[in-house]
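A.B. asks: Grabbed the feature section from Swiss-Prot, which reads as follows:
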ACT_SITE  Ser105  active site, phosphoserine intermediate
MOD_RES   Ser105  phosphoserine
BINDING   Ser105, Asp244, Asp246, Asp248  Mg(2+) binding site
Amino acid sequence: MTRQYFGTDGVRGKVGTSPITPDFVMRLGYAAGTVLTKSRKASSRPVVLIGKDTRISGYMLEAALEAGFSAAGVDVMLAGPMPTPAIAYLTRALRLSAGVVISASHNPYEDNGIKFFSASGNKLPDAIELEIEAALNEPMSCVASEKLGRAKRLDDARGRYIEFCKSTFPNELDLRGTKLVVDCAHGAAYHIAPDVFHELGAEVIAIGNQPNGFNINEGYGATAPAALVEAVRANQAHLGIALDGDADRLLVVDAAGRVYNGDELLYIMVKDRMRVRPIEGAVGTLMTNMALEVAFKEMGVGFARANVGDRYVLEVLRERGWQVGGEGSGHMLCLDKHTTGDGIVSALQILSALKRSGLSLAELTQDIEMFPQTLINVKVEPGFDWKKNKELLAEKEAVEAELGDKGRVLIRASGTEPLIRVMVEAKDADIADKMARRIAAKLSK
């Protein structure tokens, strides 16, 4: 069955434009509620937890979802502004039927979305999402008055989640003597992340912690690191941590103002775990720098590539039975700590590696040199299939033969625009650039 509404990360779009409208979101709540009701145990009544980020539209969409669930006979608990991974954790910890997050992650405030978590704190299986889509095609009705769902606030959501985050940091370590700048992107972690690090002993300077409904991700957060770099330097901090709007991704800045991306953070995590207890392998994506693949091989650590997107990294981790993965954008997964990507928890793993080793970020990454990457986007006609272009395939094979084990080629179509992305990695930047241009030229004809 073809998906009509659910993408790789729930339902998302511009507020006021289908499908992110009040009437659709109410129907979505009702459809999800009917699916939950069918699968519930005979003696139990479904209970769903709803959280949101700081977008102004969150109020409207929260009310619409609540109405839909209530009409389906599902009780609702409202957590208010909370990070996406917090809803995953609380759904599991409170033994609820499902969790729902109203967020568009790193997108601007005009966008919003709805994503679901199962009772186990994992993203919904494809089969359940398809059931919900099928239910959306049925007319919406309402259960009898005596069966309507109730709604109440979850008053201690913030405190519960703060304690959970702290529990993922080693008991024998603390952050005393560490000066941190924490950038909350004016998003869902604005009232949580600074306190987590402070309660572990750090001196915390918070920025991007004044949400007004319209400024989420604007000039702050993991997708706009300039503010963090400036604050780290101005405050002479040891480290800076930037989250995105729903706090499921991060990037880190050192005292010198250097930004460390997800590939470098994954390397640090794996290296630290190997120091404590050897691990079997780690998962990156098709875009993960080849330097990690080489380094992990030398360390005796397996490495697998997933499609781009944390959902696919998670799938491969589960298939392999591994625990650590991530992508360059800063979505990190530590399945020995949490069921989903969590920016705060991931930051704590980096901080524990620093504390345990007594080294700086620069020192922890000095033995790995990232391969230069050249990425060229080539506009094509909609529907163009590059895999049927014989000249392109021949050039790709020729370049791969010349690079050998000293580089790699990746060609993929954009999922959102009529573009073909050509990426070449090589130990030498000039070679990477030259090879990428050779391949891209075959697309430009």
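Cβ coordinates come from backbone N, Cα and C, glycine included.
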A.B. asks: Same chain only, sequence gap of 6 or more: which residues have a CB within under 8 Å of the CB of Ser105 (active site, phosphoserine intermediate)?
C.D. replies: Asp9, Thr84, Gly113, Asp244, Gly245, Asp246, Asp248, Arg249
A.B. asks: With a radius of 8 angstroms around the mean position of the C-beta atoms of Ser105, Asp244, Asp246, Asp248, what other residues of the same chain does the Mg(2+) site pick up?
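C.D. replies: After dropping the recorded site residues, what remains is Asp53, Pro83, Thr84, Ser103, His106, Gly187, Ala188, Leu243, Gly245, Ala247, Arg249, Gly343.
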A.B. asks: DSSP on Ser105 (active site, phosphoserine intermediate), three-state: which is it?
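C.D. replies: In the DSSP reduction, Ser105 (active site, phosphoserine intermediate) maps to coil.
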